[in-house]
Amino acid sequence: MEQSFINELKTIVGEQYTLTDRESLAVYGYDSTPELESRPGVVLLPGSPPEVARIMALCHGAGISVTPRGSGTNLSGGSLSGGGVVVQTSRMNRIVEVDEENLTATVEPGVITSALHREVEGRGLFYPPDPGSMNISTMGGNVAENSGGLRGLKYGVTADYVMGLTTVLADGELLRTGGKAVKDVAGYSLNPLLVSSEGTLGFFTAITVKLIPKPRAKITMLAHFPELNQAALAVSAIIAAKVIPATLEFLDKVTIKCVEDYSHVGLPLDVDAVLLIEVDGHPAVVAEEAASVEEICKRHRCSFFQTAKDADEALKLATARRTALSALARLKPTTILEDATVPRSCIAPMLQVIQETARKYNLTIGTFGHAGDGNLHPTCLTDERDKDEIARAHAAFDEIFDAAIAMGGTITGEHGVGLAKKRYLPRLVGESGIKVMRGIKNAFDPKGILNPGKVF
Amino acid sequence: MDYVKLINCMRCGMCLPACPTYKETFLETASPRGRVALIRKLQEGELDQSERLLEYLSLCLDCQACASACPCGVNAGELVAEFTCERKGGEGLSFMEELILRRLLPHPDRLEAALAPMRLYQRTGLQKLVRKLGVMKLFPEPLERMEGLLPNLPARPLRQTIAEVTPARGEERGTVAFFLGCVMSLVFSEASRATVRLLSELGYRVVTPRNQVCCGAPNMLSGDLAGLKEAVRTNVAVFGGIEADFIVTDCGGCGAELKHYGHHLEGDPEAAAFSAKVRDISQVLALHREELRAKLKPLPVTVTYHDPCHIAHCQGIRREPRDLLRLIPGVEYRELEAADACCGSAGTYNIAKPEMADRILTRKIATIRATGAELLVTGNPGCLLQLRKGLAEQLPGVGIVHVTELLARSLDGAA
Ligand SMILES: Cc1cc2nc3c(=O)[nH]c(=O)nc-3n(C[C@H](O)[C@H](O)[C@H](O)COP(=O)(O)OP(=O)(O)OC[C@H]3O[C@@H](n4cnc5c(N)ncnc54)[C@H](O)[C@@H]3O)c2cc1C
Ligand code: SF4
Ligand code: SF4
């Protein structure tokens, strides 16, 4: 990258926030995705949305690519840039407004998800999306990946809460979509298109989300299952009984052991699976739902059923679940986590496929996930130095994805396509799907400078 | 360094929000994940030992908040410390390091003598004059900062004045050996006196050997492995002769280091036995909650507690000190937000990296202000020094004491 161009960038964000040294570029060459790395040409940390607009305009003029980056926790290589400009949003971390009358919050893109939770919950309000990474991930990253969370089953995903966006387009111009009006059918729905665009259509600089009243009561439960299959069937049975828990999370034996090693919350080490279940809402309804969840679990031969005695214990259990992915990395250095998602009635067969495939390729695969919405995370524990094992892991995931697609599922429920799953996308959406997506990309970014090479 | 420890980091970023330097800078190079990556890339040959790389690594406080946060069991802070230590390897200690590590610390007498002029300086009123005239401004900044940190030193270090054996009050239940710690003995001797008194009140005979030496943590930090091992051997020998139930310290930093002795002298059963007996004072006191409760008199005061890194992250002790504060009748305990976030003291960090240390300290003081507490309690001399200075400058009116000092005040029933 030319020095004169870098100097111009410096005039926008300041010397201190323009990183060009080898060391910095090396550590901005990765995100949480295993195996992928690619060095940026320069890293910028702008302090305000207008700076982002100026950066975009300058890069557009020079034909240089821009990759937005939040905290780099995505699992699809989405924030890696090959030689271009990486723009990290962490300094733009103001909660601009909480509008209690309209039940909305407006934030800058670098706001950490859990910081928004704290702010609104202090006012009796609720922002439900809570990815496992909520203490690290940014709102910009959540919107770009359409992140789901532990409460996705009942409350939906990020897309269900985004009401308005201010987006800097590839050429530096501003696009405002949606707003605080609950109903809005003017023209094409651009909000949902921008949500899950993985940084390829525009750079979000302000995000307005919908808030709801904070549920008045919550009960957290943990059920132990000696048989994996029974746990899977219990999930379907709970939903079939028309109970929609806020959280219905699944952990298999391998995952349980790792999580317990780290968190010491008292998870059982002698069972095949546990379900972490949370029901929330009106106190009377919550009590009723908890009773029926317990009854269903017992019917499915759960060996032990525990109800968290207080908020503290509930938080401990949920927090332990959030560490599942990282805790799995205790066993082996490289964890390849996938995001295969099936209609929820297919959870039991999907788990079976995962187990069989692991056996067939002689791999250790731990599985956990948002069982309630069919979003499973089979996680292969490998060592990147063992090339043969890595190759087997990829072959196994090939089969797992094919099975998911065949069941009417998808290749990613929440992590996005990025670089990691590019090659699977055509299998899912077909040629026509790719053609339409390319057309959209062209309309937004004719020069192709926004996070190039991602998605397709 | 063990390569596997480096590749165990799966880059999930779970440690980012825990890291004080990341919170201040938002820079990946100043995050635990980034630090592990820097060392890893260095080992893989992608980066070399540039000034800048070492500078980045030196910004780490070794507070180990990242270790508490990392579900994979990676300890970025320790890896950085280990790397720095291996790199230096005890070779080429600077003149000052040589003086302090090799000539002063292993000989408490000399260390204490070295500080004597400081006491004189304080007691003759020279200090006030110097401060007023701003003479310190003429000296290099580190010295000026060091001067600003020091509270009034006690007339004589505790090591010289405490009895070798303090008998148990009432019926004797056992013996503890007391590890003094340089800074506690030199600067916070009142707190350590309180520690010994509490142990004695609870029926322990307290043995405080005079010939103990510094725990070795400063050697470790400077890469002086030979000096470290020497300190370990001396202390293991000194304490090995005492039939003690516990080896107790009221210094979080010493405690963390002493618990590592078994690791420092691998394969040495005596070092392992030594480490197994080490307890932070709060751990021992917490064993006797009910007896303490019966002895404590009311202190009407609102307090909050700062978790020293070396107690919370390195030793995993969080509940005991809080439980002890809650035992005191009349005390209103208020939890501090991010209580286990580093205060910026971190050994000599506040002298080496004053700007970052100040930013971290200021954030800490803001959380203390938010509690509205009248008194801050903590359990480590480094934190006591750093926070005392921070409070004096930014939140005068809020006092600071060691856990044992507050308990001793409550024994007396005088605030
Ligand atoms: C331990 C762990 C647990 C996780 N659990 C979950 C989970 O439960 N659910 C889930 O959905 N995900 C989960 N994830 C994945 C990840 O946390 C999410 O994808 C998250 O939304 C990424 O946020 P980020 O701020 O780190 O974004 P980054 O990783 O930095 O970026 C992600 C993408 O967003 C783009 N982007 C970032 N900011 C902007 C912006 N302002 N404008 C436009 N594009 C932008 C980037 O270009 C990139 O393509 C988990 C990850 C980890 C490591
Ligand atoms: S040090 Fe631990 S918490 Fe931090 S990124 Fe690495 S694995 Fe994750
Ligand atoms: S030891 Fe402290 S400063 Fe160093 S990386 Fe860990 S959390 Fe950050």
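Note that Cβ sites are derived from N, Cα and C of the backbone, with glycine treated the same way.
Small disclaimer: the values here were computed from a predicted structure and weren't measured.
Over in TrEMBL, the protein carries these features:
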DOMAIN    B:1-29  domain '4Fe-4S ferredoxin-type'
DOMAIN    B:50-82  domain '4Fe-4S ferredoxin-type'
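Listed as Cβ neighbours of the domain '4Fe-4S ferredoxin-type' (B:50-82) (distance under 8 Å, sequence separation of 6 or more from its ends, same chain) are residues 1, 5-6, 8-10, 12, 14-15, 17-21, 29-30, 32-36, 38-39, 42, 220-221, 309, 312-314, 340-342, 344, 346-347, 349, 352-353, 356, 360. Mean model confidence for the domain '4Fe-4S ferredoxin-type' (B:1-29) is a pLDDT of 92.
According to DSSP, the secondary structure content of the domain '4Fe-4S ferredoxin-type' (B:50-82) in residues is 20 helix, 0 strand, 13 coil.
Note on the domain '4Fe-4S ferredoxin-type' (B:1-29): DSSP counts are 16 helix, 0 strand, 13 coil.
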